[in-house]
Ligand SMILES: Nc1ncnc2c1ncn2[C@@H]1O[C@H](COP(=O)(O)OP(=O)(O)O)[C@@H](O)[C@H]1O
Ligand SMILES: [Mg+2]
């Protein structure tokens with residue numbers, strides 16, 4: 001893989017590395033800018049919405065004006081559509097875990113590691129009466145030591161908690177946000193970068209565009225949006241580089257993180273949540289990232305992020321901060337007020353110290369002291385009230401005459417409409433019908449199923465085409481097994497011994513397909529997290545994913561079946577139809593891959609997955625009918641025989657092999673093979689046959705056929721299903737597990753906290 005050398009400082013060209021304006025001065029600038037922004041009146045705003053609406057008569061929902069992308073990238077448009085996200089008295093507590101809690105078999109939330117340290121009885125309060133406000137055009141940072149509740153607060157605000165567990169209220173422009181609307185207008189950037197390793201930056205963003213941007217937007221418009229985003233994110237130099245993974249060189253960590261953000265903001269969301277976006281990045285990359293976030297905010301979004309410990313320069317980019325300590329707010333306000341706050345509190349920040357470091361250290365010290373942070377929490381409350389009074393005075397004097405009320409009066413629906421008509425939320429038009437809720441303005445999914453299917457398949461194909469070694473390994477595994485089997489069972493004859501060997505060959509061969517499929521388990525598991533992230537914001541339907549996943553598995557198993565069938569069929573000297581032999585191998589691969597896929601959908605860990613796959617396959621083989629015939633299996637285990645995936649292909653190939661009625665497997669003299677009489681000379685055997693014939697009253701000569709194929713099938717207990725029925729049952733198992741996989745995805749990836 002070629003690697004474009006694109007270190008972060010190279011990509012920085014569009015933006016100055018050092019922000020020369022100190023942030024307190026910037027605050028003043030922003031104040032005046034805010035005053036300027038407030039100039040269009042509510043009437044003007046609504047007129048703008050109305051103009052758009054007029055285009056569709058009888059449709060209340062605004063048509064999305066096709067974006068004028070030119071303004072999206074470089075110069076941030078100062079949005080004058082006010083969005084205010086207020087949250088008050090947020091309280092979240094969990095029942096402490098019992099000691100003997102079972103591990104959660106469902107998917108762990110991919111967003112953050114669930115740290116369960118409380119084992120004492122009772123409840124633990126993770127968020128305690130947190131209040132605050134975030135506005136468009138600003139970055140709000142949630143700061144605190146690890147375990148202070150930052151991720152929890154972000155999750156709460158991003159509506160990623162199960163209903164009922166969170167107390168308090170969260171409103172956007174004074175209205176509660178419905179879950180469906182939230183998914184559409186917001187983006188949540190997870191802490192991990194889950195990306196397809198073999199796609200380039202540009203392709204990754206382009207696929208995101210195809211998923212999230214509406215079909216009505218032409219491909220060229222989508223391309224323009226992606227290009228604008230690449231510039232906005234400072235990824236120009238890395239655009240053609242693959243993302244990379246452990247085995248392949250790819251983009252740098254900072255670039256990877258920005259690509260992750262890019263995927264989530266492709267539709268230009270109004271609310272952007274990020275959980276520790278700067279963790280794990282060097283200070284320059286972290287600064288560049290926050291700078292990018294600032295630009296995003298300035299296009300009219302609200303950016304809310306958690307950050308472990310911002311550097312001095314990053315602090316300069318933040319507009320609001322909430323300091324958390326054990327779920328309580330210890331400071332909220334602008335970074336520039338931090339020194340004043342702490343000197344008022346009696347602990348002035350020395351000039352030589354980093355403010356956040358000082359604050360975090362002080363908070364940690366207080367946490368360790370007998371009274372805890374109670375004094376600071378109380379002080380913050382009273383200080384805020386005091387401060388708010390002052391600020392209100394300032395605002396009233398500065399923006400005298402400006403329609404101060406518009407912020408409150410512009411309803412959510414109107415604000416979103418206005419925002420959409422200005423090119424935000426590239427989510428397409430409403431789906432018609434006069435409705436009054438804001439939710440109905442934006443469709444749940446951007447594309448119809450078949451487009452999702454096509455795009456998903458194309459992406460998966462592109463990614464796997466660039467990792468041919470993955471398929472190569474699987475094919476090689478099948479070929480090696482085929483080769484070993486072919487040489488071990490070279491040209492089997494039709495003697496009684498040969499029949500036993502044939503049975504052994506079939507039992508082994510038919511379970512090979514299933515074992516080979518287990519290789520794919522880690523690949524599926526890795527993809528599962530990407531899937532969870534993408535469906536969390538409705539990028540596509542779960543059903544499309546399942547369908548595309550199934551379709552994309554077919555070419556590989558087709559090749560593998562052909563390779564295996566061709567290496568073994570003639571070499572072993574099998575009878576029956578080659579085509580059927582090939583088809584049943586194909587069906588086994590299909591059932592096996594569906595089975596493993598399903599397991600990857602319910603088992604969160606690779607190791608656990610392997611243990612389960614290997615154990616189950618061993619049982620399937622045990623009960624397939626090869627080691628013990630059906631009529632000999634104890635009645636309390638017989639159900640396992642019927643659910644054994646290996647049973648059906650095994651019986652099918654046996655029937656294919658022994659179906660020829662004219663073919664004889666044991667003739668007269670051969671009945672002594674494998675018995676103590678085998679050593680007796682042949683003419684004695686003929687004599688024995690003669691006396692047996694007279695005793696039995698039937699004539700058996702040395703060439704009389706005593707065992708036909710049908711007899712062998714009967715002996716093996718293979719008589720309940722015809723060979724085609726066995727084939728169809730195997731195929732049906734494959735479909736059955738795919739459906740189960742779908743259900744597992746549907747139920748198992750809610751991606752919310754309880
Ligand atoms: N499901 C849970 N069970 C038990 N404790 C939890 C759970 N979720 C979060 N916590 C606890 O809540 C606290 C805050 O967690 P979190 O919001 O992830 O902190 P941060 O992101 O600031 O590091 C931690 O002490 C963590 O152990
Ligand atoms: Mg966290």
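For all residues, glycine too, the Cβ spot is worked out from N, Cα and C.
Residues annotated as domain 'ABC transporter' in TrEMBL: 105-351. Feature annotation from TrEMBL assigns transmembrane segment to 471-492, 504-525, 546-572, 578-599, 606-628, 727-748.
The transmembrane segment (578-599) shares more Cβ pairs under 8 Å with 727-748 than with any other stretch in the list 471-492, 504-525, 546-572, 606-628, 727-748. Taking every recorded stretch in 504-525, 546-572, 606-628 and counting its Cβ pairs under 8 Å to the transmembrane segment (727-748), the highest total belongs to 546-572.
Sequence-distant contacts of the transmembrane segment (504-525), counting only residues of its own chain at least 6 positions beyond either end whose CB sits under 8 Å from a CB of the stretch, comprise 470, 473-474, 477-478, 481, 485, 489, 492, 560-561, 564, 568, 572, 585, 588-589, 591-593, 595-597, 599-601, 603-606, 609-610, 613-614, 617, 620-621, 624, 626-627, 645-646, 649-650, 653-654, 657. Taking Cβ pairs closer than 8 Å, the transmembrane segment (606-628) reaches residues 503-504, 506-507, 510-511, 514-515, 518, 521-522, 525, 595-596, 599-600, 637, 640-641, 644-647, 650-651, 716-718 in its own chain, all 6 or more past its ends.
Beyond the ends of the transmembrane segment (471-492), by six or more residues, the same chain brings 464, 498, 501-502, 504-505, 508-509, 512, 516, 519-520, 556, 559-560, 563-564, 567-568, 571-573 to within a C-beta distance below 8 angstroms of the stretch. Mean pLDDT for the domain 'ABC transporter' (105-351) in the predicted structure: 86.
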